[in-house]
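> Please find one structure pasted underneath; my questions will follow.
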């Protein structure tokens, strides 16, 4: 499940924290990196478990309405939602239940959040169209949950706040993890029953190693990579770069230099996007130009054996005067093994 987009986010966060921490210990930092990635996988399972918790809450509500209908001679409530074939299959999933059984936190601990989400679902057009529909196929049931997840669970401020309270590791994870939950919903097959496979934590061992190698090469070669940045900035005062800009470019250079199978254009685009997310408003354009210049120099001097990407618009050096969040340059590696 953990992909390289999420790994890059974690490496940026950890590298930033590593330089802020006076006690720079590489082994401890690598363990923290793997722990933060593991926590992202926990979030993936908890969000799947939220579907089960919502179904359980709706089941409780239906029971109350059913008893009231019997008592007062009212129309019986529809039980279609609580009998949703996809949700029932997920509820019985062996892999998910094994995970949830070993956790101290359960959605019942945040039942008010679950109830608020249920209220949103019941008032949604997607839900009411589903209840009125005569299509009772598994595909229709699965599609309902894909739509509900995309429209109600994604970008839900109440849910986001609750998750952040549970784990600091989840602050920036949900947007990426949401995509994997939706992917999992679409992959469910009724033929697999309780043995339906969820996404693994890592697609393969190479992704786990990518995380470790990217972080280690970033720290171990900091002085060299910062020299590349200084040379690319020509006469501009390198020390006035925003602290996060330096961190992001340092990691980007580590990726360009040490991972021959990743195209230069992919690396630049990924870190430009991270700069827009984590640094100053103008950082994306500046880092775009800096990395393009550095990458071309590395290719031309034979330090990197990759195709040179098409020329990119160079919008850096002289025009970069944004002083917000400026900090001294990150120091070189002083790690304690």
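Backbone N, Cα and C define each Cβ position, glycine as well.
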> Any idea which of 282-309, 310-337 is down as region 'Disordered' in TrEMBL?
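Matching range for region 'Disordered': 310-337.
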> Looking only at the domain 'NusB/RsmB/TIM44' (204-296), what are its DSSP counts of helix, strand and coil residues?
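Going by DSSP assignments, the domain 'NusB/RsmB/TIM44' (204-296) contains 75 helix, 1 strand, 17 coil.
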